[in-house]
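Per TrEMBL, these features apply:
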type	residues	note
COMPBIAS	B:675-687	compositional bias 'Basic and acidic residues'
DOMAIN	B:62-572	domain 'Cytochrome oxidase subunit I profile'
REGION	B:675-709	region 'Disordered'
TRANSMEM	B:29-51	transmembrane segment
TRANSMEM	B:72-95	transmembrane segment
TRANSMEM	B:115-139	transmembrane segment
TRANSMEM	B:151-175	transmembrane segment
TRANSMEM	B:202-226	transmembrane segment
TRANSMEM	B:238-268	transmembrane segment
TRANSMEM	B:288-311	transmembrane segment
TRANSMEM	B:323-345	transmembrane segment
TRANSMEM	B:357-374	transmembrane segment
TRANSMEM	B:427-453	transmembrane segment
TRANSMEM	B:465-487	transmembrane segment
TRANSMEM	B:507-531	transmembrane segment
Amino acid sequence: MSLSERLHPGINLAGTDPESHEAAEEVLFGFWIFLMSDLVLFAVLFATYAAMSVQGIAEGPGPAQVFDLTAAFVETLLLLLSSFAFGFGMLAMKYRESRRAVLGWLLLTGGLGAAFVGMELHDYYVMITQHAAPPQASGFLSAYYLLTGTHALHVSSGLVWMAIMAVQVVVFGFTTPVKLRLMRLALFWHMLDVVWIGIFTFVYLFGVAS
Amino acid sequence: MNWELIFGQIKWTSFVFAGAIENPSLSEFIASGAGSVAVLGALAAVILLTVKGWWVPLWRDWLTSVDHKKVGIMYIAIALVMFARAVIEAALMRAQQLAATDSGGFLSADHFGQLFSTHGTIMIFFVAMPFITGLMNYVMPLQIGARDVSFPLLNAISLMLTMAGAILIMVSLVVGQFSTGGWSAYPPFTGIEFSPGEGVDYWIWAVSLGSIGSTLTGLNFAVTIYKKRCPGMTLFRMPLFTWTTLCTSILMIFAMAPLTAATVMLALDRYAGFHFFTNGDGGNMMNYANLFWLFGHPEVYILILPAFGVWSEVVATFSSKRIYGYTSLVYATMCIAVLSFAVWLHHFFTMGQSANVNAIFGIATMIIGVPTGVKVYDWLLTMVGGRIRFTTPMLFHINFLLTFILGGMTGVLLANPGIDFQVHNTLFLIAHFHNMIIPGVLFGMFAAVQFWFPKAFGFRLHEGLGRASFWCFAPGFLLAFFPLYWLGLMGATRRTYMWSDPDYLPWLALAMAGAALILAGFALMVMQIVVSVRQREPLAAPLGDPWDGRALEWSIPSPPPDWNFAVLPEVTARDPFYEAKKAGTAYRSPAAYEDIEVPRNTATAPLIGLFACAWAFGLVWHIWWLAIVSFVLIWVVVIARSFATDTEEIIPAATVKAANEAFLAAVRSAPGVTRDREMTSENRGRAIPEGLEGRSGAVSSGAAVEVLS
């Protein structure tokens, strides 16, 4: 195998931009390791939630009483669609290097992501005002807000990052550093999908079913 | 505008000196004295920098530098400053316990609580961690033949976050109180109900800053080792210190996240009324114990593994012999790294698990002794048949082998839950973990300083004073901690500020004498550095190889140039530099030089550190405007940096060539020194390897070849 075939950083630029592809190896590998460390954080939060959603309910409401499965399902669709849009954005960057196309896809991704965060905030609002379920109510709710809140914070920082990258695409065009940053942002965004799938399954579906 | 909006919860009584005025007592005077030392120390540093005109060089050459060598040296400087504080605190605690038989002693209970909390927190997070990180920073890239780490700026940011945490802990000497909850800060005691005030918040944010810094360090070093090894440097040709650095980095990536999660949850409990670890409302402190030790136990190996790497380098070099059992040492290191995640529960055997769970974790704990035992045998067998030189690092190594085994034995005792139930929370435990960390980690770092100091600064450390400090440290450690085993078996509990049992007194007196010896050892070590700087002419070893070294770092000048290697070396064996010396291929000129790209200095990292420190201080004192502004500024700096394009500079090939050829010419014309003369002023850094004494004298430049060394 040639060097460029062995490299497996993210989206494969070997055919269209071998120079950036070589440069991607070190920074993208580093970013994978960062994501791994980030996932350890989420694993710890999941474990905490697993314990507290059973033993930490105390006098407060239980999972089935406060979760709105429909909203969570719509949120899931929003986030997955945003990842899908980002995928198209990355393909546009790889094959067409068209600023307009990439910016358009980024805008769609960001819009869907923002809608996701907005819906989640609305969920919180409903839980606090209609179900008397703020994070201070019980250990279970503390763990719920921390787990989903950390995810929402990640998505929000991803949105800020996306806005900055849009500016950089305009200012610098598709230079190697800009491409590599977009590739890392894409990995970050897809990882948040994976984490959300875990949250949807484990927190919402399992919480409402049990 | 009212006071609280601007200054949060700071009042004039928050300053340590107010305590001495309002409530004059020896305890308060000691606290004020410590505060004064912190203030005067900072003031003295400012005056020194101003008088000597060092502000500009400090900023231009050090704080803004992203060079792994300078970052490493700054890490170790932090460690030494913080060590001075924490070791004095240890001596104060010993003195208090000695004075407090049937009386209150001279410290208040609260002050004593702060002392053991800061002592533990500082020693782990701001002495041991920066010490190992600094050493890995300096040595690892040189050992793998790299010009820097993978992400030099990230490296500088890690340093500045650690420094911000250290500064925060120093500030707590002057403004406010520190936590009394010990270094592990168990809730619910550290919750808002039982520990209102700023103390625990100081702990939370100082530790969080250090922990984020360490996560980034681990990531950076792991990528460096995987991606930046020079040609031919396969994994199984890496020096053992690099192997241990890799394992420690992997542990950092996985183990720091649980700590961050635990501190964040504790902060949410305290600041926002969450119920993670509270009594009632569904909180459960056992989750804290699990999270903390899920970090805490791998942390032990994060600290000890680099020290194991140092011991492997030291014993091979000063036995003039290839390390025995290289492969088994590598696998043992890996086994320890993996097993370190399977034993965390032994830190709380007594906290209510079933017997079977305790048994499993007890057995896993004992199993860790096996790979560690393999390492000890390998080090012993390296010495067998070698020509051992009893230099200061080697003395520390032999002392390590003897005392570390005893500490390991008591560890196997404690791994048995039945015995643990008897001695947990006593001084027996204190004796055990100091027995592992002092001769293992701390003395390992001291040995490393003696070993690599000439590489970093171009002159050796004074050997006589080094030995003198060893002969204070080693018996000082035994005296200070072996009595604690006895005391623990007699039932003396840890973290106790007064006693009623007169039988403890002789053992406490012995321990006090040990603490005094350790202080003397530290004084001698400081004196050694001062004397060596003064005598740097006769001690100079600029040619780079004062100890007949084996790995690549010894093949380049001391101190190394900014670019480390003029031409990236190509490696064909383990111990590449030693093999090259024996084959007569060392110090050859490369066929061609190329331009070298190095990252420019940047103010990014120190600015992030500054704002991170202000952010944490704002959070500790509930100064919300400061916390918000600083947090925003941190990210403004990061974003601004992402728009900078001119971040690299080119060092022309001609400059590199001139410097390297001058170095090579100096080495070739140097007469070289044999091992029996290495502590004399004849040692300029050109070693004649053991067994090649006949070949001393100037060597020919040899044919120009493709590779260096």
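Backbone N, Cα and C define each Cβ position, glycine as well.
For the compositional bias 'Basic and acidic residues' (B:675-687), the DSSP counts in helix, strand and coil order read 3 helix, 1 strand, 9 coil. Between the transmembrane segment (B:115-139) and the stretches B:29-51, B:238-268, B:357-374, it is B:238-268 that has the most C-beta pairs under 8 angstroms. Sequence-distant contacts of the transmembrane segment (B:151-175) (same chain, at least 6 residues past either end, Cβ-Cβ under 8 Å): 10, 14-16, 34-35, 38-39, 65-68, 71, 74-75, 78, 81-82, 85, 118, 121-122, 125-126, 129-130, 133, 137, 198-199, 202, 205-210, 212-214, 216-217, 219-220, 223, 599, 602, 604-606, 608-610, 612-613, 616-617, 620-621, 641. As a quick check, the transmembrane segment (B:323-345) and the transmembrane segment (B:238-268) clear the bar of 3 or more Cβ pairs under 8 A, pairs 6 or more apart, so the two touch. Stretch with the most C-beta contacts under 8 angstroms to the transmembrane segment (B:72-95), considering only B:29-51, B:202-226, B:357-374, B:465-487, B:507-531: B:507-531. Non-local neighbours of the transmembrane segment (B:29-51) in the same chain are 15-17, 19-20, 58, 92, 106-107, 111, 170, 173-174; each lies 6+ residues outside the stretch with a CB under 8 Å from one of its CB atoms. Against the transmembrane segment (B:238-268), the recorded stretches B:202-226, B:427-453, B:465-487, B:507-531 differ in Cβ pairs under 8 Å, and the greatest number is found for B:202-226.
Residues 320, 387, 389, 391, 454, 460, 463, 538-549, 558, 581, 667 of the same chain sit 6 or more residues outside the compositional bias 'Basic and acidic residues' (B:675-687) yet have a Cβ under 8 Å from a Cβ within it.
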